């Protein structure tokens, strides 16, 4: 690591009703991978948005390569050499890899874009990263991890000195994560600085040099990563020692409430059969693309299936739409809460009552605002949703609080069966435990809960049984207390192994 490249001193930022940052200090050295961690709402995003020119600071100073600078726009940040790779990737899917890399800076010859030259230059950048991607391939045909590589190549093409990566591994597999870490290693060798934001603390020791912890808008500590344990970091993040990472409750399971028999859907799902009991958390494990989300969407009526049957409380039901599923006592919390789970421009209150409007309108279909408000206040209180007010736009909440809003919406309908798809993706360790406690409360109430998760420690920590999938098939249904992560991974790759043999 070299000398300090960026130094932020006493940075403060206030929004209506919220002090987002309070005299925060942060620095990154040349050729350093520096982790920025903290609970949702700690101030990480605000600090990064100030550094990348999205927000202006209220007070404080920023130094770049020894000189004080003002960063008033994303363009000014780019001119300094600061690039951001967001969790939601910023690519044009209908353009090629090369076209995305040089978008707005095309190679032009005789008034026409020189595609050949553009592809050649893109290939050079990708080779520099040791990444094998065809520059002429359309981005829409690439996996999320490959699209990330295109974003990194784009940053390099703009001569980025600092690359900010926001939750880069949240939607990619373990193998793809390894590839990303190799690329980060290459960037480090080239003297690039990486600010790495992640809630997956266990992965940081593989790439990170130093770590800075924020809590409630304040700088808590900056230290060499090797001098801290994961438990130390968690304690600095939440301000207390967490006794249990995966709180568990034991309940005598009740009757069988859901049966799925022979569910098939083209080539995506093949003969899916399983059951779910009252007071049970049933996990679904498997690699990316195994078909877990497809099962959830089929059961909930979001996607059609070709054959098979669904029984609830022993009776066959026809579920052809989400409305049918809701009428039959099912709730679904999707993996992409921002895209399909929330109305981001609406208030917290509107999102909570979205699925139960019949409870808050009178005979003239006019909303009873007093009744609606009481319902919203109860959900916020019961689930400990952190929000300045009921009328705050839900897009301004942290990931963990957004997730609680979706859960609260379904609680009002009192469903019998809950399906959670990646319920803790992109949320911090403290918020994760709050989500686990909500699941445990539902379990104690005798609800049946399906949890789809790509994090095996989470599957092992909170479920009673686990359904393992590979390539659209169920390869095993295991008692969680009697299995291991290694056995789950064996069954998660079973058909891949057979094919390779």
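The backbone N, Cα and C atoms fix where each Cβ goes, glycine too.
Features reported for this protein in Swiss-Prot:
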- 38, 39, 40, 41, 42, 43, 44, 45: ATP binding site (BINDING)
- 6-241: domain 'ABC transporter 1' (DOMAIN)
- 252-496: domain 'ABC transporter 2' (DOMAIN)
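Here the features listed in Swiss-Prot are painted onto the structure.
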{"residue": "38", "record": "ATP binding site", "contacts (Cβ under 8 Å, 6+ apart)": "44, 213, 214, 215, 220, 237, 428"}
{"residue": "39", "record": "ATP binding site", "contacts (Cβ under 8 Å, 6+ apart)": "215, 237, 238, 398, 400, 428, 429, 430, 431"}
{"residue": "40", "record": "ATP binding site", "contacts (Cβ under 8 Å, 6+ apart)": "398, 399, 400, 401, 427, 428, 431"}
{"residue": "41", "record": "ATP binding site", "contacts (Cβ under 8 Å, 6+ apart)": "216, 386, 398, 401"}
{"residue": "42", "record": "ATP binding site", "contacts (Cβ under 8 Å, 6+ apart)": "214, 215, 216, 217, 237, 428"}
{"residue": "43", "record": "ATP binding site", "contacts (Cβ under 8 Å, 6+ apart)": "20, 21, 24, 214, 216, 217, 218"}
{"residue": "45", "record": "ATP binding site", "contacts (Cβ under 8 Å, 6+ apart)": "166"}
Around the Cβ of residue 44 (ATP binding site), how many other Cβ atoms lie within 10 Å? Please give the count over every shown protein chain. 23
Given the recorded ATP site (38, 39, 40, 41, 42, 43, 44, 45), which additional residues of the same chain have their Cβ within 8 Å of the Cβ centre, ordered by sequence? 214, 215, 398, 428
According to DSSP, which of helix, strand or coil covers residue 44 (ATP binding site)? helix
